């Protein structure tokens with residue numbers, strides 16, 4: 001075949017045939033060996049095509065699949081050829097016309113595959129009953145055994161039939177087994193490619209669909225001769241069983257292997273479909289938009305597909321890849337339109353041809369319209385331009401899980417141990433009544449020190465064989481039950497519940513009869529207290545050093561010893577801060593401060609120059625020392641690792657805790673360098689030093705006292721007028737400012753409290769205007785109800 005010569009003279013003769021008088025050309029016209037004789041198939045039938053080649057032979061899907069011209073004229077065609085070398089005359093080829101591609105080229109390709117060329121059948125020559133209405137033969141039979149039965153070429157498309165192998169069929173072959181061919185059984189996959197720019201018309205769809213194939217018995221066909229036998233698949237005569245019918249658009253033909261591919265014009269393919277049995281086409285016919293000018297039609301069925309296998313076609317010098325048998329899934333089959341198959345009729349539902357993906361179009365449509373206007377009866381991307389926005393009615397808010405799970409015998413009220421909510425009894429709860437288990441969030445890897453003090457009180461540690469297994473966090477009301485609101489007792493008298501672990505869970509059990517209107521207050525069991533490292537009884541005071549004190553007076557005395565041991569030099573410290581044990585040889589040139597390293601001196605000097613490169617990400621504050629920034633960040637994160645064992649207050653710095661502990665002892669260890677006055681807190685000493693260092697220009701008209709600010713003078717004038725509007729509800733003390741009353745309430749526990757209240761901590765080193773020098777604190781006498789505005793006046797009264 002490589003030595004084939006297509007002479008120009010022969011080409012001119014071939015091109016002289018007109019479209020209306022097209023002559024099919026065989027291999028004898030081209031100087032090739034004559035192909036085996038074949039008989040023309042009857043005109044009625046289903047158009048089929050040669051099976052596709054594998055990707056190894058051609059870059060196109062098939063070297064034997066044809067895209068026939070859309071009409072009679074000069075429209076182009078596409079054809080894939082095997083990767084073989086052919087001797088052809090040099091270009092150009094003015095003699096090649098469309099008739100060459102419709103008649104000559106199919107014959108060449110068919111000869112290469114040792115298969116007969118396609119037979120051309122015009123659909124108008126077929127009646128509704130399937131018989132030939134008009135048989136036209138324009139070519140003498142002597143020229144080629146394969147004759148065209150119509151004078152009009154293909155215009156609209158093809159329907160392809162692929163060869164498949166069915167396990168249940170016998171291995172029969174149309175050709176003799178001469179070593180060049182393999183036995184094939186036949187299955188049919190129909191695919192209609194219609195080159196129309198508008199949906200297929202649904203007119204005239206009440207006709208019968210027939211499929212004619214060509215089969216032959218292997219034992220009856222000698223070498224060089226072939227017989228033809230039509231097979232029909234319709235809705236009346238054929239009953240296909242599930243084991244012999246394929247799946248996904250594959251319909252097997254009962255008989256021997258398919259020999260002759262038939263190509264038919266499909267202008268009105270829908271007019272040939274009617275009354276298809278559900279056993280043949282049990283699902284539907286689907287259309288998928290392939291391009292703007294073509295539609296692909298696939299027939300799908302729900303029969304078993306397991307019996308189909310791949311098959312290979314062999315020929316001398318030509319090898320076809322195995323024909324893969326694959327099903328048409330529902331997602332692939334359901335495209336932009338479908339044909340519903342019913343027992344009455346087969347109707348086609350047209351759809352618009354689109355190039356874009358249908359799924360993306362649906363998503364775009366879903367996101368485009370968001371609001372439906374019932375008055376306009378349409379959707380809008382936003383509010384209706386005519387009727388405005390719609391009215392939304394929100395759901396009724398529901399309470400958290402913790403509050404909804406509260407038993408009916410209990411209620412939630414303000415706790416007596418703090419500002420949080422506590423659990424109170426609505427009726428009598430008998431002794432040995434168990435509540436639980438405690439429900440919360442489990443954490444298997446958690447650092448308790450990273451939690452705030454409030455969160456630590458809601459952390460329950462669960463141990464297994466003495467090893468911490470996990471923790472139960474009870475901070476989220478939506479994740480916990482009502483037991484998260486039960487508070488811890490401060491002493492033995494308040495305790496009425498015992499908390500203990502069991503099987504990895506926490507339970508509360510009443511230790512006494514609890515009458516109504518009493519708060520549930522728990523403390524840990526003896527074993528559980530030992531596991532978590534707390535005292536066995538709530539009234540035992542535990543020091544940081546590990547010493548347990550049975551009474552508050554004993555614990556206070558023990559705490560005083562710690563203060564003297566840890567702060568020996570703070571009694572005579574200057575306003576610049578405490579002295580250090582290490583030698584401070586790096587002195588500042590702008591102030592008398594000294595440092596133990598040049599890096600600390602450099603950071604300190606940046607403060608004098610106003611350089612603060614370290615800024616806080618949460619607020620606008622900046623610092624020259626990065627350590628001060630780290631300390632400041634604890635304010636935003638709420639991390640307070642230093643906790644007071646007496647009042648459960650927590651602090652971000654150890655120095656603040658030590659300063660706070662002085663409040664409980666009542667000792668004044670900080671002495672002013674300018675006078676002999678003593679103070680408990682360093683902040684109070686710092687404010688007092690301003691009296692000696694800063695000049696006061698605002699003078700009181702009644703007592704000639706000087707103040708730094710006008711607001712300080714106004715507060716001082718209230719003392720002359722006797723206005724002490726801020727009175728403690730627990731005792732008889734009254735204060736000039738709300739700040740001093742708030743500070744007093746934090747330490748006031750008894751009506752006869754003697755010491756002035758002190759704030760727990762001032763993170764920024766400034767308590768505000770109320771705490772600046774000149775703001776005076778009133779003190780009350782224990783023996784009488786007299787109130788005084790200064791410590792000196794109170795001492796004189798005593």
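Residue positions begin at 1 at the first shown residue.
Glycine is treated like the rest: Cβ placed from N, Cα and C.
The domain 'SET' feature in Swiss-Prot is assigned to 408-525. Swiss-Prot lists 586-608, 614-636, 642-664, 670-692, 698-720, 726-747 with the feature zinc finger. Under the heading region 'Disordered', Swiss-Prot lists 750-798. The annotation compositional bias 'Acidic residues' is assigned in Swiss-Prot to 758-769.
Relative to the zinc finger (586-608), the listed stretch 614-636 leads the set 614-636, 642-664, 670-692, 698-720 in CB pairs under 8 A.
Averaged across the domain 'SET' (408-525), pLDDT for the predicted model comes to 86. Helix, strand and coil counts from DSSP across the zinc finger (614-636) read 11 helix, 4 strand, 8 coil.
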